Structure formats: C-alpha cells, structure tokens
Amino acid sequence: MIFKKDVLIYGAFTLTCLVTVSLYKSQQVIQEDRAWSFFVTIVLESMGGMYFVSIGQFSESFLQMMFGGVLGQFIDWMSRKNAIIMVTHFNNFSILIATFILLKDSLPSGSHLLYLSIFLCAINRLFLNAEKSIISRDWIVALNHESALARQNATLTGFDQLLNVLSPVVVGTLVTSYGIHQTLTIFAIGSMVSLILKSTFLYFTYNSNSCLQTRRNLKHYKIVAGSDSDLPLLEESHFSEPKHKGVFSTYYRQTTFCASLGMALFYKTVMGFDNLAVGYATTSSNLSIFTIGALKSYGAVAGMAGVISYAFLEKRFGLVRAGYVGLVVQQVFSLLAVTTIWMPGSPFLVGNDVISDGPSMSVFLVAIASSRFGLWCLDMAVTHSMQLHVPESEINTVFGFHMALCQTFSVPKEMLVIVFPEPSHFALYILSSYFCVTLGQYFFYLYARKVKE
C-alpha cells in the first residue's frame, strides 16, 4: 500500500535525481548521468573540448572529497526544515546561474565566466549529493519503520536508475531538435519548476509528519547481540546539539564502519562498466558500439535485479544473508573478469596495437555487467545497515563523509589510466580492482560477524 507521504517523497526524490550534475569525460556512455549532467558535458565539449570537461570533473571530485563530510556535519547541526531549504536552493540556483553564464554567445574558452560556470556545476554536485542524502538516507529513516526500509530503498534506487537510463535519451532529443542554446533555456526554466515542485512536496511531507520535526539520538551501541529492533533511543529534540568531534572520528566510531569502508573500496575498480571499461572495449576489440551499449543496458538491468532481490531476500532471510548473496555473486563474476586477462584476444597477450577476435573482451563485459547484480545487492545491504545503526543526529555527517571517501578511492584509478592509457596496462588495473573488491567484501564479512540476527 502506497501512502500520501510516500507519493510526496518519491516525487521530491525523482525531481532531485533529474537534475544531477556530473561532468564525466566520455561522449558516448556517461556514468551516473542525468539530464543536466549529460547536457553540461555536451556544452563544455562544444566550448573547449575535453580539457574543460576534465577541469569540471576534477572540481567536482575535489569539492566532494574536501567538503562532503563537513557539509553533512553542518546539516546535522541544523533542523531538517532549514537543512532541506538550504540545499535545495543552492542546488537549483547554481544550475540557474550556470545556465545564464553558458547562454552567452561570445563566451571565449579562456573566459573567467566559463570557469565560474564550471565551479557552479561542482557546487551543484556537492549540494545535490547532500539533498539526495537528506531525502533517501535521513527522511526515509524517520518516516518509515525499519521493516519497510528495504522496500523504500529499492523503490528510490529504482527511480534513480530509471532516470539514469532515460535522461540522456531525452537530452539528445532536445539538443537535436532545438540546439544547445534553446535547450539551455529549457533547463533554466526546468530548474525553477523543479524547485517549486520539490519545495511543495517537501513542505507537505514535513508539516504532515511530526517525526521529521524531531531527531532521535541513539546511544553508543555495539551490534554483538540482539536484533535491529532492539536499538535503544534517547529523548527527541528539535535540534541535535553540536558535537565537537571530527568528521572522520564520527564516521570511524560507528558500528557500521567496516561495512561502509568496504563499500567505499568498491569505487577503486575498473570493473564497474563505467567510461573506463567502455573505452577499454572500444580500443581493444572489434565489438560494435551497439553491442557494448546493449551489454551496458544488460548491466543496468542486472543492477536493478540486484536491488529488487535484496528487498525480497532481506525480508525473508535478513540483512546479512541478503548481503552475502550479493557478495558471492559479485565475487564469482569478478573472478571471471580476472580470467579474461589470459583469454585469447586479451591486449595483455596480443599487445597494444593488435586487435584480436578472441572472446576475452566479450566475456569481460558480460562478467562485469553480471557482477552488478551482486554489487547493488551488497550496496543495498550496507546502506540499509547504516540507516538502521547510525544515529539520526549524525546520519548526514556519516553519509556525507562516506560519499567523500568513495570519491577519494575513485579518483586515483582515473588518474592512473590517464597516465598509463595503453590497453595492455588494463590487466594490472583489473587485478588491482579485484584486490580492492575482495578486500571490501572482507570488511563486510568483519562487520557481519558482529551481527546476530
């Protein structure tokens, strides 16, 4: 049964995901894209090529790494009402101002205004992540009983991934039909419409649910016995008292530290079917773009299947066992991806300048696409666990720092590929990725040992 509060929160979250800004550096398939992010990449490439797209990506990553946790801690010190007002306005108005700057016909490639627009897009990403975290990690926990969290997480993730597939298609149609400048105008108007609709949804959600107007504070609690429903609560208050503790110390002392650290290690991989994997396939094989795109779509379907399966498995077997299912599936297909290094057709065997018709690349892409079932199932288990065990007064601090940590593990991988781009080097990236994935799974195992269901 879907309640009014669910419809309102789903609507607000969908509008949030729709305008995600992410300046990734591929013209073909862009990871974690939505409508605005895909369009910004097109605009920056048309103005200054991949140089400006790379600057944008670096700015985004740097701001997220440096300020993600600090912003989350600042949000925890505020009331939920003031926090959501702040992040939604920063989110949408940064898009609006960046759009006005990019609309200038005579904007030269070295203009300070162009760099300002790139910086505004990075600011948008920082506050966009905070907005998504507030809705899907904080408000969802307050609005629902813990038994409903798995289903709600699956629903929100479903909306997120669906927009990930549809938004680039919509943007491509708009740019083809109306051109860049007219599409910029559409986004400027859409940003304000989105802000109004989101504010309306969130206003009615906040005022009709008293649980959002208070924060629960959990005692320090080690998960060595008992079920999740045994979590003790302290008295509620409108504002959480400022805790003069570092962001990392807050993250580290959580009982879910091992699980969340393990999840962050998964970002240090080239086996996620992102831009790097696509580039590896296109330069090292005769596979058509259609085939690679079809396999990427299969990976998206496998990921969605993992999300749905987690909700089903958690309800019947518990959080930890559902996470173990994802761990095993991910491990099996990650091992299969590693074996492709020595299969016929591998650049590691034939060299950089020779393209072979062997099965190595096809098997690699099928393996990493299939592994997304396990990845998303395990990701949902870790996220669900953090929602259950992190105090509400610290939840934005923890999730903010977690996103920053994930980004920190991701950036060095991309820098290595930039410095050593030869396809034959990819074998080393695959091996190091497998090591990080396995280490991340081991950290989840350490966490799971403490849990008694």
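Placed from the backbone N, Cα and C atoms, the Cβ positions cover glycine too.
Automatic, uncurated: that is what TrEMBL annotation is.
The structure displayed is predicted, hence computed values, not measured ones.
The annotation transmembrane segment is assigned in TrEMBL to 7-24, 36-56, 83-103, 109-128, 162-180, 186-206, 287-312, 324-343, 426-448.
A contact links the transmembrane segment (186-206) to the transmembrane segment (83-103), because at least 3 Cβ pairs that are 6 or more residues apart lie under 8 A. Counting same-chain residues at least six beyond the ends of the transmembrane segment (83-103), those with a Cβ under 8 angstroms from any Cβ of the stretch are 16, 19, 21, 36, 40, 43, 47, 75, 113-114, 116-117, 120-121, 123-124, 127-128, 130-131, 134-135, 181, 184-185, 187-188, 191-192, 194-195, 198-199, 202, 206, 396. Only residues 6 or more beyond the boundaries of the transmembrane segment (426-448), in the same chain, are considered here, and those with a CB under 8 A from a CB of the stretch are 256-259, 261-266, 268-271, 276, 280, 284, 320, 323-324, 327, 330-331, 334-335, 337-338, 340-341, 346-348, 364, 378, 381-382, 385, 409, 413, 416-417.
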